[in-house]
């Protein structure tokens, strides 16, 4: 069974720098495990690898959907599997790189991801219940039919609650049963890039400043001008939804930027909760000999 190297870590930890340098050393190619870098025209806010970085090492699963096109966990697993097979078939080495915890867990742990297609009308109906009656009411419905899933999904995560109910109502099977795992066809070697929390926050704040200077607000305006509205999952992404009050006239720009900082710090904490559960973890800090050698 072949080894699969996965480089994981929270936003702003330094994944791209390490991954590109490592790929260049080992004749490798990068398979992105980022649920937002799949979208075209969303470059700055998603911290997408630059054209220069992508030129140094081939990247897969980046810029594969428009912001109004759906993309599921099952599609990610299928496309990542195909990309890894293609890379290996050409005698090169795949590196799975990203920070989307659910994508990483599903792929590395061998989840059997439900193949239930999105049902827009049903989703809208369930979302309306959450909006009118509160997320707790919707979560209680999930608990009644799939208590295992309900124990794993907080009531505040309306999107995942809706998806779990959607799967049950369409397939008749609880999503928790459909997500039972089997051994993946590779040996995962999961490298968690780790920095102290205060350092991560400072790096994230500095990156936000660079994003603003690079034209993040203009990027959001461009997406709106293309007709992509705030109801789309892509537009709810970190780095985009925080600017909605600015464009609707409800808040000034500094307030929205401060909200982005706050939400990014919270996102880092959630990411780290996912990483702790991944298989075969190696924790690398910046003074780890391999990290230093690869990026030297």
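For all residues, glycine too, the Cβ spot is worked out from N, Cα and C.
The structure displayed is predicted, hence computed values, not measured ones.
Per Swiss-Prot, the features are:
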BINDING   9, 10, 11, 12, 13, 14, 15, 16  ATP binding site
BINDING   11, 12, 13, 14, 15, 16  substrate binding site
REGION    34-37  region 'Interaction with substrate tRNA'
SITE      100  site 'Interaction with substrate tRNA'
SITE      123  site 'Interaction with substrate tRNA'
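Here the features listed in Swiss-Prot are placed on the structure.
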{"residue": "9", "record": "ATP binding site", "Cβ contacts under 8 Å, 6 or more apart": "15, 99, 192, 193, 194, 271, 275"}
{"residue": "10", "record": "ATP binding site", "Cβ contacts under 8 Å, 6 or more apart": "99, 200, 267, 268, 271, 272, 275"}
{"residue": "11", "record": "ATP binding site", "Cβ contacts under 8 Å, 6 or more apart": "47, 99, 204, 207, 238, 264, 267, 268, 271"}
{"residue": "12", "record": "ATP binding site", "Cβ contacts under 8 Å, 6 or more apart": "47, 200, 203, 204, 207, 264, 268"}
{"residue": "13", "record": "ATP binding site", "Cβ contacts under 8 Å, 6 or more apart": "193, 194, 195, 200, 203"}
{"residue": "14", "record": "ATP binding site", "Cβ contacts under 8 Å, 6 or more apart": "193, 195, 203, 286, 295"}
{"residue": "16", "record": "ATP binding site", "Cβ contacts under 8 Å, 6 or more apart": "47, 49, 53, 97"}
{"residue": "100", "record": "site 'Interaction with substrate tRNA'", "Cβ contacts under 8 Å, 6 or more apart": "33, 34, 35, 36"}
{"residue": "123", "record": "site 'Interaction with substrate tRNA'", "Cβ contacts under 8 Å, 6 or more apart": "162, 166"}
Assigned conformation of residue 15 (ATP binding site) - DSSP reduced to three states: helix
Tally of residues which DSSP labels helix, strand or coil - the region 'Interaction with substrate tRNA' (34-37): 0 helix, 0 strand, 4 coil
Count of other CB atoms lying within 10 Å of the CB belonging to residue 15 (ATP binding site): 24
Cβ within 8 Å of the mean position of the Cβ atoms of 9, 10, 11, 12, 13, 14, 15, 16: remaining residues of the chain near ATP: 99, 193
Model confidence over the region 'Interaction with substrate tRNA' (34-37), averaged pLDDT: 98
Sorted by sequence, non-11, 12, 13, 14, 15, 16 residues with Cβ within 8 Å of centre, substrate: 9, 10, 17, 47, 99, 193, 203
